[in-house]
2 protein chains.
Amino acid sequence: MASQGAVPLRPAFQLKTPKGTRDWSGRELHLRECIFRTASEIFELHGAIPLDTPVFELRDILAGKYGEEARLIYNLEDQGGELCSLRYDLTVPFARWLAMHSDVKQVKRYQIAKVYRRDQPAISRGRLREFYQCDFDIAGSYDPMVPDAEVLRVVVDIFHALELDITIKINHRQILDGIFDIAGVPADKTRTISSAVDKLDKSPWDEVKKEMVDEKDLPKDVADRIGEYVQRSGSMSEMLASLKTVTEFCDNPLVKSGLDDMTLLMSYLEAMNIIDKVSFDLSLARGLDYYSGLIYEVIPQTNGSTIQVGSIAAGGRYDGLVGMYGKQPVPCVGVSLGIDRIFTILDARETKKKSQKMARDAEVFVMAFGGKDFDGLLPERMAIAGELWKAGIRAEYLPKKKPKPQAQFNAAGGVPVAVMLGQDELAAGQVRVKAIQAEKEEGATKDRGTLISRSDLVQEVRMLLKAAGL
Amino acid sequence: MASQGAVPLRPAFQLKTPKGTRDWSGRELHLRECIFRTASEIFELHGAIPLDTPVFELRDILAGKYGEEARLIYNLEDQGGELCSLRYDLTVPFARWLAMHSDVKQVKRYQIAKVYRRDQPAISRGRLREFYQCDFDIAGSYDPMVPDAEVLRVVVDIFHALELDITIKINHRQILDGIFDIAGVPADKTRTISSAVDKLDKSPWDEVKKEMVDEKDLPKDVADRIGEYVQRSGSMSEMLASLKTVTEFCDNPLVKSGLDDMTLLMSYLEAMNIIDKVSFDLSLARGLDYYSGLIYEVIPQTNGSTIQVGSIAAGGRYDGLVGMYGKQPVPCVGVSLGIDRIFTILDARETKKKSQKMARDAEVFVMAFGGKDFDGLLPERMAIAGELWKAGIRAEYLPKKKPKPQAQFNAAGGVPVAVMLGQDELAAGQVRVKAIQAEKEEGATKDRGTLISRSDLVQEVRMLLKAAGL
């Protein structure tokens, strides 16, 4: 390799990106951009405004919001001045923004930005320390479950637009807390038992029970009672019908309130024509502390695919978070899309299809040929490319003063249209154009294309591009 | 204010973004997005690939690249692991990427991302600690000045698309270094004298001379000789004609080489039809150490505007930077757009015009009315909004179970089309549609719109939107 012979100018150090981070370029970036655009358009269809917050926040803003996970926060060095940390998610910055704008009573906002977690990275499975989140939230006081239903509709619309089949698992924190209450879980163990229940999507009940009893000191009979309830799942109508027959559920005010919410939600999801996408799953618990009502996780239906990415979006209602900043509480409900996981699935599909090219390749290659006095016609090639750029056509030329014919054809490989210049023809106000995609290079150098008036250039090129299906 | 009565749940701290940073939302974000889209489209027209790098880099990567300005770099705390810093610009990450990809021999890349500098912020003048850069660079070995000319063409095209009149001031580091050489500046003072010269766009010659003589210990006669040369500026053809008559310039190999480059560049800029945008200004020096050839700065022609933002884009050739990573050197030329300054100018213009609305407002408001048994028809309003969303129409409804008529008309203020539902009409498969923008609210509640078949809804709404000029 050419670089082996170079003499390092300074002591060598490892040339890489920091642990758990990576560069993105070309086709991958275009695919990611396409996901962002799809999501943004649907957010705006629902009247959401975009929000952009700084990549770091005052450390006090993040403090006390993430429980144990706070150890994963990246801190900035104290270089004199304020203590700051990189954002850990987009929810806390939004809550901070809401607390700062107490005049905003109701708002839908979306934010697409990178977040930072000093976790153990697993790059092949798409788990990085720097990764994108894409959040949509509805803040403010509304009639019950109305914004919750709209968030789920937004989720369905986005994955429909991305052509990804999904199931939305839903549950309700009050139902779950009520069940723990009925089963006899002490109040101070509610959250830790809740996170054990949340593992039921990956582990069998026996293992989860073992964790509750052995690690978390829950009496065996309490765990058994939990197990009886939380392993139930099904359609909303089946589940609601069945749960409403359980007397102790209807007697528990938490469960009762949660079931009322779910009944109302069902009628709205039916009206919005997305009820078939939803599964009511009592084992869904979600890790974060701040959820207070409806919770949900989106699972992709990757039929037969080998990619197992877990949930690709998740969220819920968090009515207490904004109030933590000492201002008036603002009820919120929202969803966060797991962009990197969605990317992984779509990327595998695109690679499988192979046909779709995400890179914007050149459409026209501008060449020049001549006899023994040939000076390369570089300014003339530049001028022609300039006319094409002006018309919004992606044009290139070989950036050499005196290019050889074969070098130009090689560089034009895959470009559908060639514009060919000759000294005498240019003097007569003429250029040649030619479709080159399907031909072999050998033959191409012989066929000299169609002679046209230079003033017709853009029009002729557009016709050739159209004929080539572009 | 409602928030005054709330009891803080935790000790109060200042609710704000970190010093020198700010939130962005709504119309401002849409305007910024519009600048990004304009630039990206032109970069891609020229065959550039997008690149995205991590927000932080290994500290060693940034070390020794920024001279005195390195003190403005934000460091991450050492939390066990690698030492990292937030990126200071997009050029060094690109050079690192090139050094890591020695198989990439020639590439055009662009990157639009935030960079971080612990500078004294001046928010009103658009100077922040977190701000966007938008870079376009051409890397690799090419025939002289060919990529340089293309970068300038890209600059002209972008500002043309943004409808901003500009002048590009250009100069050449070799010419400047040669002039210092001729004038008798000691080699170790070249860069510090160069940065004094760079102040000539803001300060008169006397002050700059004072800095050279008093602060930088340059002999007075040396400073005078510099002053004689560097205050010259004009069109490329005038300047080249005049400079080529100076014997000592033609005898100095540095100046000679710079003038050859400039002569070649002139022929390419003429071919690309942008020569009238360029002014050859010998006082342009640029601060950064790594420039090695052509340098340029873009100055807006804000006729009569009160906004003075300085240069809105700048760049040049830096052939030595990639080699600093101990690999094969890769010659590069590029430009960085000052997004925040461009934003400030365009924002002032938009505000002046007032007419242009950047926010995506709702297009349709879905309402319901009824008699004394009226239940609000919320699921029905949701279903209708769902049909409109599906058709890509921005629809809203009042998120209340039983909304009053006037509350719905108030919420619909400014929305051009209303869809109105009644129980009996819905039962007969019909809804009412109505253009509401121009009317007064009073009258609007009385006119009940046109009764149409529900199956024609999307089509009828589209016609009304079209009639409203949307």
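Placement of Cβ uses the backbone N, Cα and C atoms for every residue, glycine included.
Annotated features, as they stand in TrEMBL:
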BINDING   B:Asp89, B:Leu90, B:Thr91, B:Arg117, B:Gln133, B:Asp137, B:Arg286, B:Tyr290, B:Tyr291  L-histidine binding site
DOMAIN    B:20-379  domain 'Aminoacyl-transfer RNA synthetases class-II family profile'
Maximum Cα-Cα separation in Å among residues B:Asp89, B:Leu90, B:Thr91, B:Arg117, B:Gln133, B:Asp137, B:Arg286, B:Tyr290, B:Tyr291, which the record lists as binding L-histidine: 22
Long-range Cβ environment of B:Arg286 (L-histidine binding site), under 8 Å and at least 6 residues apart: B:Asp198, B:Ile295, B:Glu297, B:Ala314, B:Gly316
Among B:Thr91, B:Gln133, the most crowded of the binding-site residues [Cβ within 10 Å]: B:Thr91
DSSP three-state assignment (helix, strand or coil) for B:Gln133 (L-histidine binding site): strand
Segment-level pLDDT (mean, integer) for the domain 'Aminoacyl-transfer RNA synthetases class-II family profile' (B:20-379): 90
